[in-house]
């Protein structure tokens, strides 16, 4: 009798387990997509892809690269596209990025949209001009205390067909990087010692993608050049250092870097209006690209000025290049302002924050600042201060162009 009860108990337990397994398998079949699905793009292109991933990564795996400054984190909203059919309901992580009208039109963040079934989507046509390269580090020196000038050499015969002010995406592999291994030139090591920057370690377990504005202009062929600032944790915080910038600061000549692009929206308007460029920090990159393009490639006769803010002379770079441009082009002037000049600078030039310097030394006496076009890229506080100052002067928002990536 006891043996029968044991056998019955084992049988019932086995039946329950098998029943639960069956339920899980049925649920998995309904909730987790498998097999292949078809993605129709712009009614002209078709991809057959495995189901189960996110739309952004699925497209990238098939050489259709949407911009994603945050690397698919759902924060930058650069990877937006229109899902005509097959994307399911918009997720809460997407809602804040779209108006109600856009939501009704099918706008989605591709990094948040699951690929579960056949889909129809629309993307900008220029996406099909985006390419992927494996580039080689040509040089990576400091140009300021916390800014590197990274120059990447493209494969032989390759070029990036970009417009001044454009950007590309860099791919950073999983890594462990120790700041003590960074190659920092002697003239910049003082602040690294002062803030004990050498103690940081960057540990990254998955591939990271970030967007960076290019510092070169279209006629500087065969290379892509960037000004990249190290993203160190705020003092007293337990936050990790920047994943991509830590990896970039450790790059040496000969290292390989995967690049996607080009992308961009921060382009110069094709008008005859006066151009005023305002920059700070690593926001130098798109400023250089634009100004060199206007004066060297386009031979523009538009009135152009550049206002750049740095803490001290050690933090200012490309100064000789701008001096030469100014000497060669009577329609161009540039102005460097230092917010904290050091005794060794022997500085007799402009001082203060760049938005105040620009206002006091130029715009307050300008006959029509509202007729100018303003192009800016710098730290967030600088951008906000400049935008407020320009708005107070009556400049329309359409004439204030901002690059959020470079600073």
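Keep in mind that glycine also has a Cβ here, set from the backbone N, Cα and C atoms.
What Swiss-Prot lists as [2Fe-2S] cluster binding site is 70, 76, 79, 111, and the listing cites sequence analysis. The secondary structure of residue 111 ([2Fe-2S] cluster binding site), as reduced to three states from DSSP, is coil rather than helix or strand. The local packing around residue 111 ([2Fe-2S] cluster binding site), expressed as other Cβ atoms within 10 Å of its Cβ over all shown chains, amounts to 24.
Here the domain '2Fe-2S ferredoxin-type' (35-127) has a mean pLDDT of 91 out of 100. Taken from Swiss-Prot, the feature domain '2Fe-2S ferredoxin-type' applies to 35-127, supported by sequence analysis.
Sequence annotations record features per position, and here Swiss-Prot assigns domain 'FAD-binding FR-type' to 130-269.
Residues or ranges marked as transmembrane segment by Swiss-Prot: 6-26.
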Least buried by Cβ count (within 10 Å) of the binding-site residues 76, 79: 76
Any further residue of that chain within 8 Å (Cβ to the Cβ centroid of 70, 76, 79, 111) of the recorded [2Fe-2S] cluster site: 56, 67, 68, 69, 71, 72, 73, 74, 75, 77, 78, 109
Cβ packing number for residue 70 ([2Fe-2S] cluster binding site), 10 Å threshold: 16
Tally of residues which DSSP labels helix, strand or coil - the domain '2Fe-2S ferredoxin-type' (35-127): 19 helix, 27 strand, 47 coil
Secondary structure tally of the domain 'FAD-binding FR-type' (130-269) (DSSP, helix then strand then coil): 22 helix, 54 strand, 64 coil
